[in-house]
Amino acid sequence: MAASTSTRFLVLLKDFSAFRKISWTCAATNFHRQSRFLCHVAKEDGSLTLASLDLGNKPRKFGKGKAMKLEGSFVTEMGQGKVRAVKNDKMKVVKEKKPAEIVSPLFSAKSFEELGLPDSLLDSLEREGFSVPTDVQSAAVPAIIKGHDAVIQSYTGSGKTLAYLLPILSEIGPLAEKSRSSHSENDKRTEIQAMIVAPSRELGMQIVREVEKLLGPVHRRMVQQLVGGANRMRQEEALKKNKPAIVVGTPGRIAEISKGGKLHTHGCRFLVLDEVDELLSFNFREDIHRILEHVGKRSGAGPKGEVDERANRQTILVSATVPFSVIRAAKSWSHEPVLVQANKVTPLDTVQPSAPVMSLTPTTSEADGQIQTTIQSLPPALKHYYCISKHQHKVDTLRRCVHALDAQSVIAFMNHSRQLKDVVYKLEARGMNSAEMHGDLGKLGRSTVLKKFKNGEIKVLVTNELSARGLDVAECDLVVNLELPTDAVHYAHRAGRTGRLGRKGTVVTVCEESQVFIVKKMEKQLGLPFLYCEFVDGELVVTEEDKAIIR
């Protein structure tokens, strides 16, 4: 029985060997046929290369068991002495991307007439006392009117708000030039045409006031503010009754009303994110994503479904500093955006990021790039001082500083809201009109404080950085840091509250002796001289060594 089994096994093995021999013979025959074909091609066309076979591109290997594909428009199959060209249906055709047409900015514009604005808008500017555009306005207005998505970067107080409001008002609303608008009057009244998002209530209210000034008392209802701290029901009723063309608000309140179905923004043509570097923080992320999904659609983006009734929106990002996070957001949310600065307009694709996207820890180049943009955000006509004081004497130092510089409008910064009331109480006890502003104040209280501060009824406004972000008080001539900012970027945001629109401004940092090294570190990072000063006999006195630096 064992012998019979062995015999059968040998017979099967012999048959299998014969089968393998036949397979190898067929493969060899096929190989020699192809070799003869290649030799024939070589004799007729010279040397045998990939180019001679119309395969000029390099081969690319795929996974095991898959045929080798060539990165070209056609794949050549050889066999049976014939050549057949087969088109690769899965091959993607990459179109050459045309560079965005950049409008030459009018840096030498001496009047708003040169920017091509409607006559009605020019009359409003003249009525409000605006005669000469700033550098950033001369650069931004033509670019936005041309239809470019834009990132506007300029130092604090350079007129960035008007830089985007003017082109928007020239396209929509009662001041728009009729020949530019492609929408009927009924569409304008039923759909929101522009949305402006700000990180704080103060900045949102400030933008609304600027729009109302330009629109005038007759058309002021064409803009509606949607900010937190106010009655939501009244805001929804105002939306339904007034049918505004422009909405200005904070991310949370806008997203809240949008979820309730009371905010119709599919026909929105303009989306502005002011102080976008702050809006990119984690606590705004969910609301910002909802706004981006419901406010029009990105220009150049295809429809998500079979029918997409959303209008193409023009996206404008605004900030005094443009770190890599802003550049990344602009490329994701916009279509071929341009970077608008006070002296140039360039495609954002040409701006080199300072660090890779996935960098979890800031590198030296990333930190240097952020510091560089911070320096650019500072108003040019600022003087920076620091003085040493014990913690319990800081309020007296603040009072002596105000008297020595004869300051009329002062903003004093602290890091925590709970300490503001104590500082205000001590200043009031010493006969200096002051008030506090923080997040716990309601909308009415904050509006009242800001109005009194701008009118001069309040000399010192004590606040924290978040509440004062975007605060625009052109008359502010002194900023005092009663507590040190966390870094150079926060210092720049505080310092930007003074020296606005080319005015002179002073920044004084009050620190303890153990904190001087922090001031020196910020001085080195910003590349600006921080002069040590003292207040003697009602005057600000600078040491002889620092006087040499001034000269």
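Any Cβ shown, glycine's included, is placed from N, Cα and C.
Under the heading ATP binding site, Swiss-Prot lists Ser154, Tyr155, Thr156, Gly157, Ser158, Gly159, Lys160, Thr161, citing sequence analysis as support. Around Ser154 (ATP binding site), a 10 Å sphere centred on its CB holds 24 further CB atoms from the protein chains shown. Ser154 (ATP binding site) carries neither a helix nor a strand DSSP state and counts as coil.
Marked as domain 'Helicase ATP-binding' by Swiss-Prot on the basis of sequence analysis: 141-340.
According to Swiss-Prot, the feature domain 'Helicase C-terminal' maps to 397-548, an assignment based on sequence analysis.
What Swiss-Prot records for 110-138 is motif 'Q motif'. Using DSSP to sort the residues of the motif 'Q motif' (110-138) gives these counts of helix, strand and coil: 17 helix, 0 strand, 12 coil.
According to Swiss-Prot, the motif 'DEAD box' annotation covers 274-277. Nonlocal intrachain contacts for the motif 'DEAD box' (274-277), taken as residues 6+ away from its ends with a CB within less than 8 angstroms of a stretch CB, comprise 160-161, 196-200, 203, 207, 317-319, 321-323, 325-326, 329, 469-470.
Annotated transit peptide per Swiss-Prot: 1-29, in sequence order, evidence recorded as sequence analysis.
Of all the binding-site residues listed here (Gly157, Gly159), it is Gly159 whose C-beta has the fewest other C-beta atoms within 10 angstroms.
Thr161 (ATP binding site) falls within a helix when secondary structure is assigned with DSSP. If you count neighbouring Cβ atoms within 10 Å for each of the binding-site residues Thr156, Ser158, Thr161, the highest count belongs to Ser158. Under DSSP, the residues of the motif 'DEAD box' (274-277) split into helix, strand and coil as follows: 2 helix, 1 strand, 1 coil. Within 8 Å of the centroid of the Cβ atoms of Ser154, Tyr155, Thr156, Gly157, Ser158, Gly159, Lys160, Thr161, where the record puts ATP, the same chain has further Cβ atoms from Thr134, Val136, Ala163, Ala320, Arg500, Leu501.
Sequence-distant contacts of Lys160 (ATP binding site), defined by Cβ-Cβ distance under 8 angstroms and a gap of at least six in the same chain, are Val136, Ala140, Ile152, Ser154, Asp274, Val318, Ala320.
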